[in-house]
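In Swiss-Prot this protein carries:
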BINDING   67, 68, 69, 70, 71, 72, 73, 74  ATP binding site
């Protein structure tokens, strides 16, 4: 018993010395602090928020979003920025690809007048800007588009054709070590968009890999694989794309879930269409024949008209969104039993889907 008391005294003294040297909060018991509650920002897609398990992307963490060209990577990050700005948060966009379209961003709901934007010359400059913004504590969301475009200074100053083996990977590895702690301290969300490359000579398994080495894969709390699976048509006109997002890695909830939603050209994620689908799935929206009803009132004939009704009545869509989140997400940020009915398991049959109605 005396030995236990001596141990507790020694532990208390050690904790006191650590806090005195490194500051209060430098060491703590896991259950005593806000570390139990992860603050999140909505992705703009209700089904993806559900698949992530905590209601969105976690603050203070690194997130990687990767996929083929024209799969919706930049659109998804702009929707995250729009969601954050609606909550009064400050956002920054590091446009290493020099391809950000402010007109399109504005259509997605981004307040471009208050969006910080940088088009860096080198990869080192881009990552230094990220580090400076995160250390300031004044920026809540930083998006880097993309890792593949973060070109090391030595490569830019060299000749085309020169070999620069592993330069980008070393640059990213050093940056991750430096950024991870600063992001946690300032509670800043850092999203990296990444591209896909093919590994040569792979006979078995997936030949796809992402650029920038392995460091980002380890440091990322969430990794999302986004793919276009088909077309959304209005008659013969293609008005959008069916999109599937797989949660390949998740440190805040159960991984290997996936979400499917529509991205409409010029509008972004079809949030109201998701509300109709999820509402019907969980019996909050009644469907009788082609008619959709909510709280006993008819809201439209056909999914397209029901979607338009929710778009024109924001108070109704906000109420339905709140009810669905309360049902599908529990307080601990994990999965409720209802979620498994909607969020599909991690699989990919590779079939293209044609959806005539949106």
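Heads up, the Cβ atoms here are built off N, Cα and C, so glycines get one too.
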**Q.** DSSP-derived class (H/G/I helix, E/B strand, else coil) of residue 73 (ATP binding site)
**A.** helix
Q) Hey, which of the binding-site residues 67, 68, 72 is the loneliest by Cβ count within 10 Å? A) 68
(Q) Cβ within 8 Å of the ATP site centroid (67, 68, 69, 70, 71, 72, 73, 74 excluded): which residues? (A) 226, 228
Q. Sorted by position, what residues of the same chain at least six away from residue 71 (ATP binding site) have a C-beta under 8 A from it?
A. 226, 227, 228, 243
Q) For residue 73 (ATP binding site), which residues of its chain lie six or more apart in sequence with Cβ-Cβ distance below 8 Å? A) 65, 66, 67, 145, 146, 193, 226
(Q) Can you give me the same-chain residues 6 or more apart in sequence from residue 74 (ATP binding site) with a CB-CB distance under 8 Å? (A) 100, 145, 193
